[in-house]
Amino acid sequence: MSERRRSAVALSSRAHAFSVEALIGSNKKRKLRDWEEKGLDLSMEALSPAGPLGDTEDAAAHGLEPHPDSEQSTGSDSEVLTERTSCSFSTHTDLASGAAGPVPAAMSSMEEIQVELQCADLWKRFHDIGTEMIITKAGRRMFPAMRVKITGLDPHQQYYIAMDIVPVDNKRYRYVYHSSKWMVAGNADSPVPPRVYIHPDSLASGDTWMRQVVSFDKLKLTNNELDDQGHIILHSMHKYQPRVHVIRKDFSSDLSPTKPVPVGDGVKTFNFPETVFTTVTAYQNQQITRLKIDRNPFAKGFRDSGRNRTGLEAIMETYAFWRPPVRTLTFEDFTTMQKQQGGSTGTSPTTSSTGTPSPSASSHLLSPSCSPPTFHLAPNTFNVGCRESQLCNLNLSDYPPCARSNMAALQSYPGLSDSGYNRLQSGTTSATQPSETFMPQRTPSLISGIPTPPSLPGNSKMEAYGGQLGSFPTSQFQYVMQAGNAASSSSSPHMFGGSHMQQSSYNAFSLHNPYNLYGYNFPTSPRLAASPEKLSASQSTLLCSSPSNGAFGERQYLPSGMEHSMHMISPSPNNQQATNTCDGRQYGAVPGSSSQMSVHMV
């Protein structure tokens, strides 16, 4: 009964309070309505993420301003206000506690981050074939390299950008060549130590990252599990997936190159299916090799190497000349021709005061700016076929004026006159006129010959060049092409042998490539010392018999008064005649009816 009375009293007092307020009017009722509206405003501010807790507390304190007035009212009124305010503020406290930290704002900012793969078309082409990446012990860079564009970062927040590479599966693969496919070969090898490549520009603001393309072109792959250079360690013949990580600064405490990437709300990871690759130590698919050479700017050496090699093979096939494995004459070997031409008192522009010809005085005749036209040998010259007949038959008139003037400067050379060529051309019978003329490729200034007796008869073929060909000292090391006829007589009276009146072989001697006639200046070799019997046998003649069996022999000629020897390589018989002055050193038989060898003097 007492409880009922208390509740009734309470009800009656509360009802009385409300009835009194209703009867009195509207003053306190208006204040209560205003307080409820303010409490609703506080709840709306608590729902806003930008609303700080301090402002809401001020507003709540501001909303408690009606309480002094309510305290002046009866106890029932204060009880009602306490009940209502406790409900309102409990709701506000819950909302404020949920929005107290920056986590919801950060979460929303991380969700907005997007990463776009650059060079996606190139990655797609490699992926369609089956991307392969070379790994080495020292480390090898990736191609294509991972390049990404990042958007959606907070411009004022600090971020790390990192990359790691994880296995796609737990399988090991092998390449099947006949089907050009990768097949599973077994289970994967044991896991390797984790490695994370942190971009060198980290730590940077979001604005900095968004203004640039983030490139991982310096990242290297290695198969050395003991690597200490920070390279990514991978197993060969496994498939891997690169991943890009965006890590906010406040979540980067556990970030390390030798630890896995931390996981949390401040880390977002991106991967692209087209970047999956298989690690190899050597490319398995030739299509991948060609595509990388074509698209990789660092593979320029491979492209140029192949092209140069092809060009060199084409040149060698076109000219098909043997080149001696020694250094050719350079322009520096002939230095003072122009100076001595104006100031010398000798019989020729290149003759010193003692009358000795100076081969080093023809420097100005070797100017590379003045070059005769390119040509090939005539079909019957040196028994070498002319591949392009329209380039043959070049005479003196075909040379540019600068070449002809240089040739004219050599007219005072006394050495290889027209009589000397007749000695090489024919011995006993009248020689037929050679059909073609061979001139050096650069300039005729380096035409030199072998000393011959001045009493030999003349030859009309070389009259156009006879006065222009000079003789250098016999210490000059010279190469001369010789064409011998297998059907010719072995008793030819000159040192080259063969029936040259039929082959028309000796027209001129060139010392410049690519035409196989060279000049050198070397000291006398001690190996070629003259024996007494050779000295006595070679005092009177320069003649060596040349049989027709096509074998090559090295021959010595030791003229009187000379401290040098001459070697010539020409056809030699199996049994040397006792009368010739050449020692035959066989170099082997040469097929065919012609030989292309050289005479050189040291």
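Placed from the backbone N, Cα and C atoms, the Cβ positions cover glycine too.
Record check of Thr136, Thr330, Thr524 in Swiss-Prot: the feature phosphothreonine is attached to Thr330.
Between the listed ranges 425-447, 563-585, Swiss-Prot ties the annotation region 'Disordered' to 425-447. For the DNA-binding region (122-304), the model gives a mean pLDDT of 93.
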